[in-house]
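The structure under discussion appears below in the form of structure tokens.
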């Protein structure tokens, strides 16, 4: 009997142990399932977050492109403003260089100063309308820089008697030094400009018959052009 009771108790204890192990296994399985479910949910949330961010970036880029294509006038106006500013700052420089590089020739030179003198004298009280004629002795002259490279060759000759003789030859070649201007063209390098020399001046004025006015005109021409008085003639203009 005692043996049977002990065996029975042992069997009950083993059954309880097995049941407890099964419960712990089930709990572990449940915990693992929960962990797997949690991981899946977190992965899903992570992927959803990434998808939302990428979609937001694409939407932003699409909106930016749409804004640029819809309002091109804004950017074109800014470019036009920049171009206008650049032309306004550059054009005075170009005009100044034109004044210094362009030299009026014979007729253009005389016409230019004739008009200047006429406008000046007509502003003087008592002179009235004026017509001026200027003649030139020499036109304006430019002196350009010249490059004169040369080569010299010396030849020594010996005759049958032992005498020596030197023969030398020199070659000179004159070339004008050129520079590149702002327009990209080649032009001579000018070292000096000689102003035109005026031969004589004739002035027709409404008030030229008055001796005092005629003397004032002669004095003005002498000061302006450094021409002697005997080469200046003032006449009264006919009505």
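Every residue, even glycine, has its Cβ placed from backbone N, Cα and C.
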- Check each of the ranges 36-55, 56-75, 76-95 against TrEMBL and return the one annotated as transmembrane segment. 56-75
- Task: May I ask you to indicate which of 1-39, 196-234 is given in TrEMBL as region 'Disordered'?
- Result: 1-39
- Note on the structure: DSSP tally for the compositional bias 'Basic and acidic residues' (155-164), helix/strand/coil in that order, comes to 0 helix, 5 strand, 5 coil
